[in-house]
Amino acid sequence: MSCLKYFLILLMLGLCVSSEENFQYDYLKVPASEFVSSINTIVVVIRQVSSILSQFADFSGDRRLQNAVSDCLDLLDFSSEELTWSASASENPKGKGNGTGDVGSDTRTWLSAALSNQATCMEGFDGTSGLVKSLVAGSLDQLYSMLRELLPLVQPEQKPKAVSKPGPIAKGPKAPPGRKLRDTDEDESLQFPDWVRPDDRKLLESNGRTYDVSVALDGTGNFTKIMDAIKKAPDYSSTRFVIYIKKGLYLENVEIKKKKWNIVMLGDGIDVTVISGNRSFIDGWTTFRSATFAVSGRGFLARDITFQNTAGPEKHQAVALRSDSDLSVFFRCAMRGYQDTLYTHTMRQFYRECTITGTVDFIFGDGTVVFQNCQILAKRGLPNQKNTITAQGRKDVNQPSGFSIQFSNISADADLVPYLNTTRTYLGRPWKLYSRTVFIRNNMSDVVRPEGWLEWNADFALDTLFYGEFMNYGPGSGLSSRVKWPGYHVFNNSDQANNFTVSQFIKGNLWLPSTGVTFSDGLYI
């Protein structure tokens, strides 16, 4: 072999190795070893803070304080696990435990969730005496600062180059004729995550009753309580565990813990299978713990179920559904409540053909979330109360989180219709400094005020928030009287709006096909 051929072979091998390394680590701005070392340091601090907090776990006589401490311990545990995922992904980018296969997107999501968890921990002490909060505030502040320093070590999301082609504007929550939607039969070459079985792909669209266990109030199922069925599910399952919940009103608070992966819940329909609770802030619960249904395990799927909180408007924060589940889907479900109905706390989530009702901040949290073809209905609340549909909680400019509401119907629920002239309803308000929400091609009724958006407190966040509107229609979609804030944007073309599509915002093309749910991956279909 000539020296030249030998040199070329070595060069090609070097390029292959170099390309592989770049593929694995080009999402980081620092060497993987340095990134992992920083994570390990933070995990040690988390353990120290947890040790301090655990001393107050049995604090008696103050329900709200007990719940706040319990929340913090859970949230710190969440953060520790999310950091562990991030470290593992950097050491083994092709590992089976990774989320979507896009390691950069996965890592940004998990680090963002860890950051939000600490803020939620502190918020839980609102309304308490402050003694415990003051004892742990310093440690929590240190932890929060360390997590904020970790996020910029991950490269920001690359801007999409492709622009979707224009098409007809959707006229409501149903797809118009000719609208092209993604289906799992479209492209058999789609790469599914390792944990997806072939028969899982159409699970949510199937009309059959294929399930592992069933729940029925009349005793005809395996269990009469939903929580008993959840306990039956294996921990960290790599395959779906399907629970069929028969029709009925289930009066229980349900919590799916972080270790319960890939649980699927199938009901008999909206307002047919109903999970109901009435916890509220006024009755001593933290907002986080007030949820009727809470899910943290990765890969959760729900179909044909209503989640409701019946506490009423006078009880203030009262969550119907809280999700911290990464890569979760809610299909043909309803979330019914008043203030803080749907808590999209953290992680990547997708809602399709759902009904969401409420009054104040009734879609809130710091998840990275897309809503498509949903009915979003404002209700009548307390006298002189203003309705706000969204209150997105992005706290740091490096977080990937935000809300993208698409192809949906924004209107008034039946109880509000007679009071449209006395109850003002807004698209949202900035709960946190970098609040981010966009509305894309929705039908907005006259329930939406001409100015569109509401301040949180004077000029707080008006120049740092990111609110956008693109090609909405209907009586409430007029732009001439919209707010003039520095952070408010009207998208005149698809360049900015493309950043908030399913394919870009939540990397849905990488994981939604595995669920079988229909979705629109662009702006024009």
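Our numbering is plain: 1 for the first residue shown, then up by one each step along the chain.
Cβ coordinates come from backbone N, Cα and C, glycine included.
Sequence annotations record features per position, and here Swiss-Prot assigns active site, nucleophile to Asp361. Within 10 Å of the C-beta atom of Asp361 (active site, nucleophile) sit 24 other C-beta atoms, taking all shown protein chains into account.
Annotation source Swiss-Prot lists substrate binding site at Thr287, Gln317, Arg429, Trp431. Around the Cβ of Thr287 (substrate binding site), a 10 Å sphere holds 26 further Cβ atoms from the protein chains shown.
Cys354 (disulfide bond) carries neither a helix nor a strand DSSP state and counts as coil. Other C-beta atoms found within 10 angstroms of the C-beta of Cys354 (disulfide bond) number 26, with every protein chain shown included. Residues or ranges marked as disulfide bond by Swiss-Prot: Cys354-Cys374.
Of all Cβ atoms in the shown protein chains, 18 besides its own fall within 10 Å of the Cβ of Asn98 (N-linked glycosylation site). Annotation source Swiss-Prot lists N-linked glycosylation site at Asn98 (among others), citing sequence analysis.
Mapped onto three states, the DSSP output places Asn222 (N-linked glycosylation site) in coil. Of all Cβ atoms in the protein chains displayed, 15 besides its own lie within 10 Å of the Cβ of Asn222 (N-linked glycosylation site). Summarising the annotation, Swiss-Prot assigns N-linked glycosylation site to Asn222 (among others) and lists sequence analysis as the type of evidence.
Taken from Swiss-Prot, the feature N-linked glycosylation site covers Asn278 (among others), and the record attributes it to sequence analysis. The secondary structure of Asn278 (N-linked glycosylation site), as reduced to three states from DSSP, is coil rather than helix or strand.
A strand conformation is recorded for Asn409 (N-linked glycosylation site) in the three-state DSSP classification. Marked as N-linked glycosylation site by Swiss-Prot on the basis of sequence analysis: Asn409 (among others).
Counting only same-chain residues six or more apart in sequence, none has a Cβ lying under 8 angstroms from the Cβ of Asn421 (N-linked glycosylation site). Look at Swiss-Prot and you will find Asn421 (among others) tagged as N-linked glycosylation site, backed by sequence analysis.
The feature N-linked glycosylation site is assigned by Swiss-Prot to Asn443 (among others). In the three-state DSSP assignment, the secondary structure recorded for Asn443 (N-linked glycosylation site) is strand.
Per Swiss-Prot, N-linked glycosylation site is recorded for Asn492 (among others), and the stated evidence type is sequence analysis. The secondary structure of Asn492 (N-linked glycosylation site), as reduced to three states from DSSP, is coil rather than helix or strand.
Summarising the annotation, Swiss-Prot assigns N-linked glycosylation site to Asn499 (among others) and lists sequence analysis as the type of evidence. A 10 Å cutoff on Cβ-Cβ distances gives Asn499 (N-linked glycosylation site) a total of 17 other Cβ atoms nearby, all chains included.
Marked as region 'Pectinesterase inhibitor 44' by Swiss-Prot: 30-153.
The region 'Disordered' annotation in Swiss-Prot covers 157-192.
Marked as region 'Pectinesterase 44' by Swiss-Prot: 212-509.
Look at Swiss-Prot and you will find 1-19 tagged as signal peptide.
According to Swiss-Prot, the feature site 'Transition state stabilizer' maps to Gln339. The Cβ of Gln339 (site 'Transition state stabilizer') lies under 8 Å from the Cβ of Pro313, His316, Gln317, Ala318, Gly358, Thr359, Val360, Asp361, Phe362, Gly381, each on the same chain and at least six residues away in sequence.
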Checklist outcome for this item: Counting across all protein chains, other CB atoms within 10 angstroms of the CB of Asn278 (N-linked glycosylation site) number 18
Checklist outcome for this item: Reduced DSSP state (H/G/I helix, E/B strand, rest coil) at Asp361 (active site, nucleophile) is strand
Checklist entry - How many other Cβ atoms are found within 10 Å of the Cβ atom of Arg429 (substrate binding site), counting all protein chains shown? => result 25
Checklist entry - Average pLDDT across the region 'Pectinesterase 44' (212-509)? => result 98
Checklist entry - Between Asn409 (N-linked glycosylation site) and Asn278 (N-linked glycosylation site), how far is it from one CA atom to the other, in Å? => result 27
